[in-house]
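*Asks:* Before we start, here is the structure in question, set down as structure tokens.
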Amino acid sequence: MARQGLSRPLVTASWLAEALRAGRVGAGLRVLDASWYPPKERNARQEFKERHIPGASFFDIEECRDKSSPYDFMLPSESHFADYVGGLGVSNDTHVVVYDGDEVGTFYAPRAWWMFRVFGHKEVSVLNGGFKNWVKEGHPVTAEVAQPTPAVFKATLNRALVKSFEEMVQNVSSLKFQVVDSRPEGRFRGTELDQGLESGHIPGAVNIPFHSFLSKTGHEKSIEEIQNIFREKKVDLSKPLTATCRKGVTACQIALAAYLCGKRDVAVYDGSWSEWFHRAPPHYKVSELKRSKA
């Protein structure tokens, strides 16, 4: 079986299963379950305790974030991230494979993938198809929780991969980079509530719902299909691009899709709509609902 390079953004379930059989999961290869669900719907940590990929650790996005921010899931500090992933046995030489258990196939795993890249870690991959396809293909699961040996991780923030509110405001007039919003069309257009918030979008943004990049089985679509999606939306992958969403999670699906096409420099607006809604002036929040009320 051909060995997939560590810099690849995706690994297959069969590749990971072979790595497990060969005993390669350890200091050199760590598997992280990055699942998160609305508390009233599912309990990610409890589900992890009940069954997960053998050798995996739970990457708790509730713990690995800036808890002082009023916005959900904002990036933690370099030291916070380093301490957290070091506690999961991840060093700068570790190949990290992330997955989640969402029914769409992949939801939060790309956020974890992007976080590692933001903090300077290149050897990180998403399990293509997620946990649901791992189970569907008959690969092993366990309730045994691994106790990885703590490692030393040095985090260095790559500011080119993250955009601030101020940079997004400046871009409305300067148009230095393209903006793609990964939320559902109704939330982008402003015709439906966005998790309790009035919805709409940043001026000039293009809407590509994140699930557009996933097949019916929950796997990433082919590179050709992904390129066509960007092309149809007139998004030029040869030019600067920033992704946004509700809280900086599904925006990372845009970054992953572009990465598969060879574009490795997509930035994510970390605050996304949850910050933009609260901080941007009214005329910087485009909504069809507002126009229909006028």
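Using N, Cα and C of the backbone, Cβ positions are placed for all residues, glycine too.
Pulled these features from TrEMBL for this protein:
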type: DOMAIN; residues: 25-143; note: domain 'Rhodanese'
type: DOMAIN; residues: 176-285; note: domain 'Rhodanese'
*Asks:* When the domain 'Rhodanese' (25-143) is classified with DSSP, how many of its residues are helical, how many are strand and how many are coil?
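*Replies:* Going through the domain 'Rhodanese' (25-143) residue by residue, I get 34 helix, 19 strand, 66 coil.
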*Asks:* What is the number of residues in the domain 'Rhodanese' (176-285) that are helix, strand and coil, as DSSP sees it?
*Replies:* 40 helix, 18 strand, 52 coil
